[in-house]
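**Q** Once you've had a glance at the structure underneath, I'll fire off some questions.
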Amino acid sequence: MSAVSGLHGVVPGFDTDAVVLVSIVVLVLLFSIQRFGTGKVGFLFAPILALWFFNLASVGIYNIIKYDISVLRAFNPAYIYFFFKRNSIKAWSALGGCVLCITGAEAMFADLGHFSVKSIQIAFTCVVFPCLLLAYMGQAAYLKKHPLSVERVFYDSVPGVLFWPVFGIATLAAMIASQAMISATFSCIKQSMALGCFPRVKIVHTSKRFIGQIYIPVINWFLMIMCVVVVATFKNTTHIANAYGIAEVGVMLVTTSLVTLVMLLIWQTNLFLALCFPAIFGTVELIYLSAVLSKIKEGGWLPLAFSSFFLCVMYTWNYGSVLKYQSEMREKVSMDFISDLGSSLGTVRVPGVGLLYNELVQGIPSIFRQFLLTLPAIHSTVVFVCIKYVPVPYVLQEERFLFRRLCQKDFHLFRCVARYGYKDTLKEDHHAFEQLLIESLEKFLRKEAQELAVEFSLQPANTDSDGEEGGDIRPVVRSWIRTGVEAGAGDLHAPLLSADQSRVKDDRRTSAEDGLSLLPSSAMPSSEEDPGLEYELSALREATESGFTYLLAQGDVRATKESIFIKKLIINYFYAFLRRNCRAGTASMKVPHMNIIQVGMTYMV
């Protein structure tokens, strides 16, 4: 609106309604191109930004030289004292307008997920800050000669022959400034989701090189609607500027508080120096805050209302999610209970593969007990599937799955962690997914039998001999047996969130395989020497031929009867509403409905 309002007085009949209409059209266009990604949008905007800052510096230098070069004396901080001494209360009120001179700077640092630290530091220090100084000093020099042009000082200070080029560049630059805020919003939402503080929404990664370059469709369209409503309601930049000023100072105060915590807890800075930081910066920011809070009735209420709304949403989601997770951990099915049921699991085992999706990386989820109680039969092979995302763009197909056996062999229970990169898509053909899963499971079974045979074949040799070679191989094999084969082990310690740790594990696996390859062929079992392996593989093939069934939970979270009224209100209504309307787990899978069995379960928290 600030950019488009420059047409006032230049184009006949271009009134406030025309400014609002053009601004809304530009906003819709801006939000429509977000799906192409920050990288592509930034590439298109880079030349425009270069022209914009060159224009600011050039016009500023022109006005300083032409109108009054004495404005350079403003670098003397003594004039701050003279200004407040002369204007008192009016000077304090003017601080609210001064805040708007630096708006947008915080968005650069909120976009660290989209751009590198070095690029932001160089851009702000060498380009943004000096060009802004020259622009504002040029406008001050122009106002000293034309004090009545304060309402349109930016466009009036531009030479007449350059008005239209500057207008076009200013409009595009305003779009870019809005782009920075949109990208920062996407980053904040993603980080909040990672911390469990925001409902699940669809996130589209638009870059293979930078994990932080994302696009969130729901948030994008929500922002567009809200921006259009605000522009159409306020219809002037004064109220929007007041709202933006409060948001700006709020960001500064939060940043100062968090940096102080980082200095104390992470950097372990000297206590005196750490307290000096908020004492200096916090004091300045509180003075600015006191000035902008006087504008609450004139538009300043808007960011406070929005922040209060999102605070309630985030707190409700985090509170309910924590209680649900605690309930799942508390009600996990013990391995002793499964063992007491026997290999039949207390029911009838029918041919087929059951894929039970859950969020627990360790332990058997309570929903499995619900399936056993609800269904008249359970599949001959059951795989607990847990999906995890790793910070790499793609995960190779052969590295997709990590398996672990649960209970004894005749139970045919396995845990599988399916690893996906942030550019991998879960909506792959379910037949390909099932085939890859079974192939990986067969490889796991063969490797397990191989390691067990090596362990047993090495035991007599190591009992009679203390050779160094036997002493080197045996611990490696035993370590793999402990982590991948040991019956009844319920924990999965495979690193899932660090690419470096995954490579370390892959190196260990390669070293173990190298050690096994050094053994004589007589130590490597074949299907004839291991009838148990052949029987298990044949049972797995028979189950595969019978088909796959996806076992999913349809959980409902309710507060216990003993809970207080506030807790019941939050859990039974607000949190339940968010769960019903957020992105469900089945939205990430492309599975025919005929292959899905859902069992309802109520979590009492």
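Including glycine, each Cβ sits where the backbone N, Cα and C put it.
Per TrEMBL, the features are:
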| type | residues | note |
| --- | --- | --- |
| TRANSMEM | 12-31 | transmembrane segment |
| TRANSMEM | 43-65 | transmembrane segment |
| TRANSMEM | 91-110 | transmembrane segment |
| TRANSMEM | 122-142 | transmembrane segment |
| TRANSMEM | 162-189 | transmembrane segment |
| TRANSMEM | 210-234 | transmembrane segment |
| TRANSMEM | 240-264 | transmembrane segment |
| TRANSMEM | 271-293 | transmembrane segment |
| TRANSMEM | 299-317 | transmembrane segment |
| DOMAIN | 351-603 | domain 'K+ potassium transporter C-terminal' |
| COMPBIAS | 502-512 | compositional bias 'Basic and acidic residues' |
| REGION | 502-530 | region 'Disordered' |
| COMPBIAS | 516-526 | compositional bias 'Low complexity' |
**Q** Taking contact to mean 3 or more CB pairs closer than 8 A (sequence separation of 6 or more), are the transmembrane segment (43-65) and the transmembrane segment (240-264) in contact?
**A** no
**Q** Using Cβ distances below 8 Å and needing 3 or more such pairs, separated by at least 6 in sequence, tell me whether the transmembrane segment (210-234) contacts the transmembrane segment (12-31).
**A** yes
**Q** Spell out yes or no: are there three or more C-beta pairs under 8 angstroms between the transmembrane segment (240-264) and the transmembrane segment (271-293), with each pair 6 or more apart in sequence?
**A** yes
**Q** Counting only residues 6 or more past its boundaries, what in the same chain has a CB within less than 8 Å of a CB in the transmembrane segment (12-31)?
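**A** Those are 1, 4-5, 171, 175, 178-179, 182, 220-221, 223-224, 227-228, 231-232, 235-236, in sequence order.
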